[in-house]
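The substrate binding site annotation in TrEMBL covers R33, Q34, A35, G36, R37, D82, Y163, S218, H337. Sequence annotations record features per position, and here TrEMBL assigns domain 'Uroporphyrinogen decarboxylase (URO-D)' to 28-37, 151-167. Annotation comment: TrEMBL describes D82 as site 'Transition state stabilizer'.
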Amino acid sequence: MTRVSPTAPPAQPALLCALAGHRPSRPPVWFMRQAGRSLPEYRRVREGIAMLDACVRPDLVAEITCQPVRRHDVDAAIFFSDIMVPLKLAGVDVDIRPGIGPVLAQPPRTAADVRALTTLAPDGLGVIEDAARACIAELGDPTDPEATPLIAFAGAPFTLAAYVVEGRGTRDHLAARTLMHADPEAWDALMTWAGDLAIAFIRAQIRGGATVAQLFDSWAGSLSRADYARYCLPYSARVFSALAADGVPTIHFGTGTGPFLDLLATAGPTCVGVDYRLGLDEAIDRLRAIGRPSPLVVQGNIDPALLSCPTPVLRAHARAVVEAGMGADGHIVNLGHGVPPSTDPDCLSDLVAYIHSLRPGKD
Ligand code: CP3
């Protein structure tokens with residue numbers, strides 16, 4: 001195995017350097033949901049265009065993806081889209097309603113419905129590839145160390161399956177959790193299909209020039225450890241193993257998954273995303289104990305609530321997060337969940353500049 005040098009990072013963007021387990025000259029930082037309603041320029045270009053329509057317009061996707069890079073000087077762009085887009089491209093009747101989120105017109109009610117659904121394959125991924133390519137035109141060629149990397153993403157199989165079975169976001173995902181126990185065969189078909197959609201969606205973004213991929217398991221926190229291990233982990237692991245074969249570094253993020261963070265690491269990502277409920281130092285200790293990922297790379301976990309605190313309070317918290325990240329081999333600074341739409345964009349720009357000014361471990 002190659003030894004990881006903490007002192008001599010190769011000439012590459014800070015994000016990729018951290019993902020390789022190195023320490024770049026300044027901490028890389030980006031924010032989940034950095035493109036979106038907190039930006040007035042986003043609200044302007046989205047006016048009168050439905051969310052899922054915006055996601056299939058390459059010019060608009062590229063514009064929105066690059067807005068936070070221009071404004072905040074973040075170290076990565078995340079492809080502007082939604083976890084529901086591959087379902088829509090597969091022909092599922094899904095809409096994203098403002099203030100509610102994804103809503104399916106006809107959630108499957110029987111095992112036969114599930115089987116019919118899982119025969120659907122995404123069509124039109126060329127638009128996603130084109131949109132990623134349009135992002136790269138502004139972000140810079142992936143082989144250029146000065147370029148801003150583009151992060152591809154998809155919803156993890158459980159989060160996609162939960163939306164499909166419930167028909168919309170719910171608090172406890174009762175119907176999804178019932179299905180996994182009541183009909184493990186239908187569950188297996190649904191989760192395998194959701195994993196295939198995630199792989200296809202991410203691969204289209206990679207073909208267009210994305211060099212990192214993140215899997216969002218936003219709803220996994222509603223599961224017990226045992227259910228996650230048996231009914232979800234194998235399907236997410238399958239996605240990570242497909243992406244590892246493509247040679248792309250990966251990030252695995254789940255909300256409320258602190259109690260089984262080790263299982264998220266076991267799925268095989270390059271980097272584990274830590275949500276705001278778990279101390280980053282504790283997360284690092286737990287991952288060290290299982291030796292995964294290796295090198296140990298974490299992402300997180302500034303509490304989004306602190307974005308509305310007075311600057312000194314936010315800065316002290318951000319500094320503590322950066323210091324805690326020193327316990328890992330590589331650390332990508334991020335929030336412990338998405339940017340709240342009410343966030344003052346100037347506060348995010350200021351936070352990026354502050355994080356970039358820090359030399360962790362030194363004064
Ligand atoms: O900047 C980025 O992070 C990239 C774009 C992105 C969006 N959605 C854009 C979006 C990403 C990575 C997502 C992922 C996503 N979508 C997740 C996983 C991440 C998480 O937050 O846990 C989930 C659960 C969804 C489903 C979804 N889509 C919800 C719950 C909502 C919000 C609905 C609302 O109005 O409150 C959406 C819509 C959505 N996706 C918006 C954006 C910018 C807002 C829609 C709008 O601006 O009209």
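Cβ from N, Cα, C; glycine included.
What TrEMBL says about a protein is an automatic prediction, not a curated fact.
Feature map: annotations from TrEMBL on the structure.
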| residue | record | CB count, 10 Å |
| --- | --- | --- |
| R33 | substrate binding site | 17 |
| A35 | substrate binding site | 23 |
| R37 | substrate binding site | 15 |
| D82 | site 'Transition state stabilizer' | 18 |
| Y163 | substrate binding site | 28 |
| H337 | substrate binding site | 23 |
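Put simply, the two farthest-apart Cα atoms among R33, Q34, A35, G36, R37, D82, Y163, S218, H337, the recorded binders of substrate, are 23 Å from each other. In this structure the alpha carbons, written CA, of R33 (substrate binding site) and D82 (site 'Transition state stabilizer') are 10 Å apart. A35 (substrate binding site) sits 11 Å from D82 (site 'Transition state stabilizer'), taking the C-alpha atoms as the reference points. H337 (substrate binding site) sits 15 Å from D82 (site 'Transition state stabilizer'), taking the Cα positions as reference. Distance between Cα atoms for Y163 (substrate binding site) and D82 (site 'Transition state stabilizer'): 13 Å, as a whole number. The CA atom of D82 (site 'Transition state stabilizer') is located 14 Å away from the CA atom of R37 (substrate binding site).
In the three-state DSSP assignment, the secondary structure recorded for Y163 (substrate binding site) is helix.
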